[in-house]
Amino acid sequence: MSKQQIGVVGMAVMGRNLALNIESRGYTVSIFNRSREKTEEVIAENPGKKLAPYYTVKEFVESLETPRRILLMVKAGAGTDAAIDSLKPYLDKGDIIIDGGNTFFQDTIRRNRELSAEGFNFIGTGVSGGEEGALKGPSIMPGGQKEAYELVAPILTKIAAVAEDGEPCVTYIGADGAGHYVKMVHNGIEYGDMQLIAEAYSLLKGGLNLSNEELAQTFTEWNNGELSSYLIDITKDIFTKKDEDGNYLVDVILDEAANKGTGKWTSQSALDLGEPLSLITESVFARYISSLKDQRVAASKVLSGPQAQSAGDKAEFIEKVRSALYLGKIVSYAQGFSQLRAASEEYNWDLNYGEIAKIFRAGCIIRAQFLQKITDAYAENPQIANLLLAPYFKQIADDYQQALRDVVAYAVQNGIPVPTFAAAVAYYDSYRAAVLPANLIQAQRDYFGAHTYKRIDKEGVFHTEWLD
């Protein structure tokens, strides 16, 4: 009996849809799930597909041609380790395990090291695009042994999303945990994008009292210009969706934003690397404070503050918010790609930032027209320290920073919280400052802890007895 070309473990929605995607590209696929019912359900719902169900790990592994290619789509963490442990007794040296889950990159580094020592290949692969992307074409970020990637590249290339220029949204990212790291930063950028959009929405509601229909029209217009992106596109649809009672759905959704922890991972890594990922970190904190609903309701009855006044001319303020949103987005990506650079140096990954931006252009949640500008910036100068220094982004900062400053000033004066817009201004001004007040902090540290300091007029390291 002929062997199957690839196996998929895990038949929850992402695993199921990726298996169907692979099958639709002409590959034969073995499927396995820990619970028999899920596998039977997939087969029953997809008659005529070249999906071969197996109900024991041994039979599943033995059904695959060698070197075996096995895609894991199981719950990250202990579930991934358990799945790997169940496979290992039946694998041969040179077989390839692909982890497509939302896995913490340090776990991927560990698994890659452990499996390599046993003669197996391990490819930690970020997959973005949600359920629809998994089925129709996601953005794929594989990392691991380059030679093993070459053996799975034809399949990954066929199932990936395709950008407008015909390029598949997949590329080899780098060694061990590089793929999952890039996916993690992608998710952090996603947090930043979503919070910036939410703050723009809050400003337009608070400053202009725009109706849902007006908001939808505004976002439709924005989506036809520089802000063209998946998130802007879906947001315009959200504003006009009504429930069964005729209420605008967005207006009756509880204002507590959940999270799965990947934004937190991005911020934690930034702290480990000493990277000022302020905007994305504020977007994580914004979700946390949103979850304090009961406290916020109680505080709203006790803590005073200004009531929002009209922002003035409607068209003028909408344009200011649009410009502020675009520049805020640029700052967020500048921070994210700066962190990728720091991680690449720390973990010896040799990341290609332009290629990373290219694979974000379709299939994934942060897909946006302006990603081509990032690719262009790195093509012009692969070693650029920060995207804000690239000519296009510098020009946008020159043109739009006053709008961002005006919007933040209006928000502060009118009691509208805009943590990520404010973070964008603070980062921009800090990054362009030749001199910061950190000299005083160094003096304080030396005063209470003898931590020493450097001087601008002399070489060396100094300590002062401040009480003399």
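FYI, residue positions are counted from 1 along the chain as it appears here.
Glycine is treated like the rest: Cβ placed from N, Cα and C.
In the shown protein chains, 13 other C-beta atoms lie within 10 A of the C-beta of Ala12 (NADP(+) binding site). The feature NADP(+) binding site is assigned by Swiss-Prot to Gly10, Met11, Ala12, Val13, Met14, Gly15, Asn33, Arg34, Ser35, Val74, Lys75, Ala76, Asn102.
The substrate binding site annotation in Swiss-Prot covers Asn102, Ser128, Gly129, Gly130, His186, Asn187, Tyr191, Lys260, Arg287, Arg445, His451, and the record cites similarity to another entry as its basis. Secondary structure at His186 (substrate binding site), as computed by DSSP, is helix. Taking the Cβ of His186 (substrate binding site) as centre and 10 Å as the limit, one finds 23 other Cβ atoms among all the protein chains shown.
Proximity of Lys183 (active site, proton acceptor) to non-local residues of its own chain (separation of 6 or more, Cβ distance below 8 Å) is seen for Asn102, Gly126, Val127, Ser128, Met141, given in sequence order. Residues annotated as active site, proton acceptor in Swiss-Prot: Lys183.
According to Swiss-Prot, the active site, proton donor annotation covers Glu190. Around the Cβ of Glu190 (active site, proton donor), the number of neighbouring Cβ atoms within 10 Å comes to 23.
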Next on the checklist: Let me make sure I understand the structure: which of the binding-site residues listed (Asn33, Ser35, Asn102) has the fewest other Cβ atoms within 10 A of its Cβ?
Outcome noted: Ser35
Checklist entry - Using a 10 Å radius around each Cβ and counting other Cβ atoms from all shown chains, which of the binding-site residues Lys75, Arg287, His451 yields the largest count? => result Arg287
Checklist entry - Quick one: largest C-alpha distance among Gly10, Met11, Ala12, Val13, Met14, Gly15, Asn33, Arg34, Ser35, Val74, Lys75, Ala76, Asn102, binding NADP(+) per the record, in angstrom? => result 21
Checklist entry - Can you check what DSSP calls Met14 (NADP(+) binding site), collapsed to helix, strand or coil? => result helix
Item to check | Reduced DSSP assignment, Arg287 (substrate binding site) | outcome: helix
